[in-house]
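Reading through the structure tokens given below for one structure.
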Amino acid sequence: MEGEAVEAIVEESETFIKGKERKTYQRRREGGQEEDACHLPQNQTDGGEVVQDVNSSVQMVMMEQLDPTLLQMKTEVMEGTVAPEAEAAVDDTQIITLQVVNMEEQPINIGELQLVQVPVPVTVPVATTSVEELQGAYENEVSKEGLAESEPMICHTLPLPEGFQVVKVGANGEVETLEQGELPPQEDPSWQKDPDYQPPAKKTKKTKKSKLRYTEEGKDVDVSVYDFEEEQQEGLLSEVNAEKVVGNMKPPKPTKIKKKGVKKTFQCELCSYTCPRRSNLDRHMKSHTDERPHKCHLCGRAFRTVTLLRNHLNTHTGTRPHKCPDCDMAFVTSGELVRHRRYKHTHEKPFKCSMCDYASVEVSKLKRHIRSHTGERPFQCSLCSYASRDTYKLKRHMRTHSGEKPYECYICHARFTQSGTMKMHILQKHTENVAKFHCPHCDTVIARKSDLGVHLRKQHSYIEQGKKCRYCDAVFHERYALIQHQKSHKNEKRFKCDQCDYACRQERHMIMHKRTHTGEKPYACSHCDKTFRQKQLLDMHFKRYHDPNFVPAAFVCSKCGKTFTRRNTMARHADNCAGPDGVEGENGGETKKSKRGRKRKMRSKKEDSSDSENAEPDLDDNEEEEEPAVEIEPEPEPQPQPQPQPQPQPVAPAPPPAKKRRGRPPGRTNQPKQNQPTAIIQVEDQNTGAIENIIVEVKKEPDAEPAEGEEEEAQAAPADAPNGDLTPEMILSMMDR
């Protein structure tokens, strides 16, 4: 049953297509007169006159129907035996004339003469003459008075069949018989082409050859005329079958109008399309309209042409008439077959880019590639500012607005907007469930067999014209080998400076480096006089100093919250940042607190040095001021308090760690180092009365944590000697020693 249903659909489709083709053929027949002036109407009725006026003021009238008696008479005349009855019959038969038709004056379009056939009465007596002597001419002359100066004179020369005489019909209907002397020369080259033609024995006076001529924009153009010479073998008019002329009433096929040096083309008024034929232009104009007259009787879809409808019907019936000669595949359209052979068999890429070496199988891909040179993005998104070079990417982008996800994972049923995203999902999430195809030439593993075929064709196929490495002179005939070779140049510093030891991997880096030697700064600011070696520096300068809307980027330290304008500065700070709690920085760096303390010490150092230079010395003869001796010692850092003991014993304290003493105390850099503070005491000897100077070294107790009971004494000690002077108790104790 299914087979019968398919056959019924096929028969119905063929009947439908044939009906469409007949209607289309009839419409083309009716409108084909405008396409070519030399084409004659295909359907005529017996005895009917078809006159077609297409911007023409001259029409040629010829005999449509030949009487059978006339054909028989013509044969007898050629053989030399003509019966009197036949002569009488010919007297009352037909005559071929050329009549002037007065038309309305309008510009004459070149090459738009039409031949039509009408029956006319014939009253011409025939004498016993040969065929050669009956060669005549029809002259259709239009007086110059009736035409404008720009309109051409048209002359048409034809050979006469036997049994006819040439007459001239005037504008008012008067008939004038042409004499033999007025006939055109017999040596026209167009007559000599006929194999049955024999040159006349008697030479006649030579006159100018009569041709159909017209003028186009001041240039004379020759036009070939119709040739109606007789053929003895078939007894027909030249180049026309007599049975078709008499039975079907179809006129002979005209020759094409040939213009010397002029090629007529038709151009679309709506775009830049050009074509050599009017029918092609008419078919193209349908692409600018929404007219789709051809509808499918199965699904209702409409198409512009019958060819598109036929291809569509093949999709219903499953017919694939176009078979590939190189494999077993078949296609619905011829375009699909051509594209298949180029991709699979011939690898031909006829569409080449004029700006680079790119070549493509399809012209649409070439147009898309050319937009990469011009930067044109004609396909604009109506919802945002996105623009694309082709419609495919625009459709893919529109899914981000619509939320459509047409691609579904067959394992977990997750949906995606792009097929590539779905493939990556399958490879990453469902690797154990995916069939793996290993490339036999490399280590590549591919999930789909079709993708493996693409990989083999692109990476491992043999290239007849080898490709050269862009880094060296090596040539490879395989793309994969070329890529692997170029990877060996990736980390190679091939560009070396000829003025220093600098080397780099990229040429652009070397160009920028050489500007440090030459001092060249080609990038100048348009708002000030600054120049730069790199364009990035110019852009940064312009944004920072000349752009009022510029907001500098803030790089915040994650430890202390401090902001920086440059990332590398922030990274350098973060390596040694102590954080908000004052914890020592990483990699053994100084803490934030210690850095600030050091800055304060350096400031106080400068102040002390300036004060010491400006201060005047004020020293007594007997003693020296030792004020700095007490204050120079830095305050000891707090240490954990030990457990108190009931009876503390003086114990020599351990030396403080080196880490606790950093830097030099302020105001002591230019002074000589003093080991211990000293004091001069004058003592008078009671026996002799001499005065002796005793130098006393003040030994300061090392810093130690006092006990709880000794805190008050330690705090009161500085009050006794605020300036560091020796008290009397100290002097007496030293004298006792």
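First residue shown is number 1, and so on along the chain.
Every residue, even glycine, has its Cβ placed from backbone N, Cα and C.
Annotated by Swiss-Prot as zinc finger, the relevant range among 58-81, 106-129, 154-177, 322-345 is 322-345. Annotation note: Lys18 (SUMO2 cross-link) sits in a helical segment as assigned by DSSP. A contact between the zinc finger (379-401) and the zinc finger (437-460) is absent, since fewer than 3 of their C-beta pairs, 6 or more residues apart, lie under 8 Å.
Summarising model confidence by region, the zinc finger (523-546) averages a pLDDT of 88. Residues 311, 314-315, 361-362 of the same chain lie 6 or more positions beyond the ends of the zinc finger (322-345) yet place their CB under 8 Å from a CB of it. Ser402 (phosphoserine) is 44 Å away from Lys18 (SUMO2 cross-link) when you measure Cα to Cα. Tertiary neighbourhood of the zinc finger (351-373): same-chain residues 339, 342-343, 389-390, selected by CB-CB distance under 8 Å and a gap of 6+ residues from either end. Nonlocal intrachain contacts for the zinc finger (495-517), taken as residues 6+ away from its ends with a CB within less than 8 angstroms of a stretch CB, comprise 533-534. If you draw a 10 Å sphere around the CB of Lys18 (SUMO2 cross-link), it holds 10 other CB atoms from the protein chains shown.
Of all the Cβ atoms in the protein chains shown, 9 others lie within 10 Å of the Cβ of Ser402 (phosphoserine).
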